[in-house]
Amino acid sequence: MSKSETAKPVPVVIVGSGVIGLTIAHVLTEGAGAERYQVTIIARDLPEDLSSQAFASPWAGANWSPMQYDERLHRWEKQTFDKFWDMIPTGLVLKLPSKVYFEHEDAESQVWWKDIVRDFRVLKTEAYLPSNVKSGVEFHTVSINPEIYLPWLKSELESRRVQFIKRRLVSLDEAGKLAGEGGVVVNATGLGARSLIGVEDKKVFPIRGQTVIAHAPKASEFVTLIPAVKGDVATYLIPRPSPPGMVLMGGTFQVNNWDTSVDIATAEGILSRAKAFVPALADPETRILSHNVGLRPAREGGPRVEAQIVELPTKGDLVPKLVQGDDESAKVLVVHAYGFGPAGYQQSWGAAAEAMRSLCVLRPSVTSHAFEGTPGTARDRYYLGISLGGVVQLNNPNVALGKMRARH
Ligand SMILES: Cc1cc2nc3c(=O)[nH]c(=O)nc-3n(C[C@H](O)[C@H](O)[C@H](O)COP(=O)(O)OP(=O)(O)OC[C@H]3O[C@@H](n4cnc5c(N)ncnc54)[C@H](O)[C@@H]3O)c2cc1C
C-alpha cells in the first residue's frame with residue numbers, strides 16, 4: 001500500500017456557508033486526491049436559510065458583471081467566468097445577452113474585460129436608449145439564481161460526505177478545536193470577520209444593496225448603466241436562469257449602511273430607472289415578486305485570501321480566554337477568504353483555487369490536486385502574509401480579556 005493510501009485525511013473546518021465557503025469546499029473535495037481532506041462546514045446561516053439577511057449570498061443578482069480592474073481579481077474573475085460558462089449546459093447557469101451603457105464617450109477604451117466575456121462588440125449609436133447614454137457595448141455573460149445555486153452546492157457537498165453544522169461561533173478557537181492540531185480552518189465568514197474573535201478585521205464593512213425581484217418574461221437581457229459620476233444608486237436588471245421570467249433589478253451601493261429594512265422611496269427609484277432602460281418591463285405580464293435588502297461583505301483594500309499560522313487555545317470551554325501556557329494552545333493553519341463585496345459569485349471559483357493554493361503551499365504533504373495557475377505566485381503571497389501578519393495569538397497581551405468577554 002502506498003503512503004498516500006494509508007495517510008489519514010486532513011480535517012478541514014470551514015467557517016461560513018455562503019458562496020465562498022461552499023465553493024472552497026467544492027474545490028477541496030473534487031477530483032483525484034480529494035479523499036485527503038475531511039471537510040466540515042460550520043455556519044450560523046446555511047444554504048437553506050435563504051431568507052436570512054445575516055449573510056449576503058442569498059441576495060445577489062447574481063451575474064458576472066464587469067467591475068474595476070485589478071490584476072489579482074482579474075485572474076479570479078476570468079477563471080470563474082470560464083467555469084460558469086462551462087456549466088451552462090447544466091441549466092444552473094444562464095448564457096445571458098447583455099448591454100452595458102455608459103454616460104461617457106468611447107466606452108471601448110475603458111473596457112478591460114472584453115476578452116473575458118463572449119461575443120463582445122461596440123453598440124451602434126442608434127441602439128442607445130435614454131438621452132444620457134453616450135456609448136455602449138454588448139456581449140454574452142452568465143447569471144445564476146442563488147436560491148437554486150446555493151442548495152445545489154450543498155447537495156453536491158453532502159454527496160461527497162461533507163458535514164454541515166449550524167452554529168454561530170464567537171471565536172476562531174472554536175473552529176480550531178474542531179480541526180485539531182494539524183488540521184486546517186478556513187475563515188469564510190463574510191461580514192462576520194469583523195467581529196469573530198481571533199480575526200476582528202475592522203477593514204470589513206457592509207455595502208447595502210436594495211433590489212426588486214420580478215416576473216418579467218419579456219426582459220431577457222442583462223442591462224446596466226455605468227454613470228459618469230459614481231454614486232450610491234445603480235441601475236441594472238439581471239434575468240435569472242430559473243424560474244422562467246425571473247429578473248432582479250437594482251439597486252443601491254450604500255457604503256457602511258447596516259440597515260436591512262426595505263425603503264419604499266428607494267424601491268420606487270429602482271423601478272422607474274429600470275423602466276427607462278428596459279421597455280420590455282411595460283409588458284402586462286410583469287409583476288413584482290419581492291423587495292429585498294442584502295449587505296455585501298466588503299473590505300478596504302479588497303478581498304483577503306491568504307494563509308496564516310494562528311495560535312489558538314485548545315482546552316477549556318468555548319468561552320474565549322487568555323492562554324496561560326503553550327500546553328493549552330496549538331498552532332492551526334487558517335486560510336482566510338472574505339471581503340468579496342459586490343463580486344463574491346463572479347470571483348468564487350478563482351478565489352477558491354487561490355485559497356487551495358495557500359493551503360497546499362503551507363501543507364506540502366498534501367498534494368495540490370485542484371488548483372490551476374502559478375504556484376510561485378501563491379507561495380510569494382503566502383510568505384508575504386506570514387511576514388506581515390505574523391502569528392496571531394489569542395494570548396496576545398494587547399487583546400484585553402474584558403474586551404473579549406464584553407462581546408457575549
Ligand atoms: C444586492 C446584492 C447583489 C449582488 N449581486 C452580485 C452579483 O450579481 N454577482 C456577484 O458576484 N456578487 C453579487 N453580490 C455579492 C455577493 O452576494 C457576495 O460577495 C457573496 O455572497 C459573499 O459571499 P461570502 O460567502 O463571502 O459571505 P456570506 O454570503 O455573507 O456568508 C458568510 C457565511 O459566514 C457565516 N458566519 C459569519 N459569521 C459567523 C460566525 N461568527 N459563526 C458562524 N458562522 C458565521 C454566515 O452565517 C454565512 O454562512 C451581491 C450582493 C448583494 C447584497
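Here the Cβ of each residue, glycine as well, is placed from N, Cα and C on the backbone.
The domain 'FAD dependent oxidoreductase' annotation in TrEMBL covers 12-353.
Residues or ranges marked as FAD binding site in TrEMBL: Thr189. For Thr189 (FAD binding site), applying a Cβ distance below 8 Å and a minimum sequence separation of six or more within one chain yields Val15, Gly16, Leu196, Val199, Tyr338.
Among the features that TrEMBL reports, D-dopa binding site is placed at Tyr236, Arg296. Long-range Cβ proximity for Tyr236 (D-dopa binding site), meaning a same-chain Cβ under 8 A and a gap of 6 or more residues, is found for Gly61, Ser65, Phe222, Val223, Thr224, Leu225, Met249, Gly250, Gly251. In this structure, Tyr236 (D-dopa binding site) is part of a beta strand by DSSP.
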Neighbourhood of ligand 1 - binding-site residues from Thr189, Tyr236, Arg296 with Cβ under 6 Å: Thr189, Arg296
Same chain, 6+ residues apart, C-beta under 8 Å of the C-beta of Arg296 (D-dopa binding site), given in sequence order: Ala56, Pro206, Ile207, Arg208, Gly209, Phe253, Gly341, Pro342, Gly344
Whole-number mean of pLDDT values that fall within the domain 'FAD dependent oxidoreductase' (12-353): 92
Secondary structure of Thr189 (FAD binding site) (DSSP, helix/strand/coil): coil
